[in-house]
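Before anything else, here's the structure in question.
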Amino acid sequence: MPEKPVLIAGPTASGKSALALRIAAEQGGVIVNADASQGYDCWRVLTARPAPDEERQTPHALYGHLNAKVRYSAGHWLRDVMPYLAGEARPIIVGGTGLYFTALTRGLADIPPTPAEIRAKGDRLERAEMLAALDARTRDRIDNANRARVQRAWEVQMATGRGLAAWQDETGAPALPLSAAQAIVFDVDKEVLNARIEKRFDLMLAAGALEEARRVLPDYDPTLPAHRAIGAPELIAHLKGQISLEAAREAAITATRQYAKRQRTWFRSKMRHWSAYMP
């Protein structure tokens, strides 16, 4: 019987993947992705997906398995992760998408699919417009700065006539109760994390992130979640001649730090019962 699954959550650039690799090397297991951006095949460098040699050393799953045009929700991820929970290899589930972990350990509401015409309308709206249309309970529950989360909540409300919070309150049993897992959440000092973010983005540029963005440029669509990966809009703007590379670098680092701040707030609010890990 495999040991309890390991869950590793934390903000971007905190060192989650390194810990997952170490656990897998010492104890075995399969590393399963729980980061929305790392699921897309158009990015490896920019989203800090595991390197090819790391993937050869240890089994990895749900990395780069999605075409950029695919709309992928927490429900899709939960469906895809289920075989690894039932498999013989111990799953080491690692990532920074808090909603995935919440769906896994607290359950997911059975919300009807969103009609294509409603999604298309949402793609054309500004985040603030959609946010203003949400009920107060839903606004209080989601990350108001995350466009994907705001649009998802707006789509649910438009399609069903009910707020996302109301649907979530009817959530069924979780696939993996927290008591059945070894749950670790990274708690990294803000200044340390900010320095790591800057250093990592410079390493990404050196490793080919700009070339990655150049390959995406002909098909770039800012309405696609895949193309809203942190750093992508900034590098695309540079490639279009709108800003300098240095300005793109600074904007991407700022955006990453803002994202990390939102992640840390989420984790501290939603993962109080997880074991804190301070690298």
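Placement of Cβ uses the backbone N, Cα and C atoms for every residue, glycine included.
Straight out of Swiss-Prot:
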type: BINDING; residues: GLY10, PRO11, THR12, ALA13, SER14, GLY15, LYS16, SER17; note: ATP binding site
type: BINDING; residues: THR12, ALA13, SER14, GLY15, LYS16, SER17; note: substrate binding site
type: SITE; residues: THR97; note: site 'Interaction with substrate tRNA'
Between the Cα atoms of THR97 (site 'Interaction with substrate tRNA') and PRO11 (ATP binding site), what distance do you get, rounded to the nearest Å?
9
Let me know the DSSP-derived helix, strand or coil state of THR97 (site 'Interaction with substrate tRNA'), please.
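DSSP assigns THR97 (site 'Interaction with substrate tRNA') to coil.
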Near SER14 (ATP binding site), which residues of its own chain have a C-beta under 8 A away, given they sit six or more steps off in sequence?
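When sequence neighbours closer than 6 are ignored, SER14 (ATP binding site) has PHE186, VAL188, LEU193, ARG196, ALA260, PRO279 within Cβ distance under 8 Å.
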Write out the long-range same-chain contacts of PRO11 (ATP binding site), meaning residues 6 or more apart in sequence whose Cβ is under 8 Å from its Cβ.
GLY96, PHE186, VAL188, LEU193, TYR259, ALA260, GLN263, ARG264, PHE267
Note down the number of other Cβ atoms within 10 Å of the Cβ of GLY15 (ATP binding site), including every protein chain shown.
17
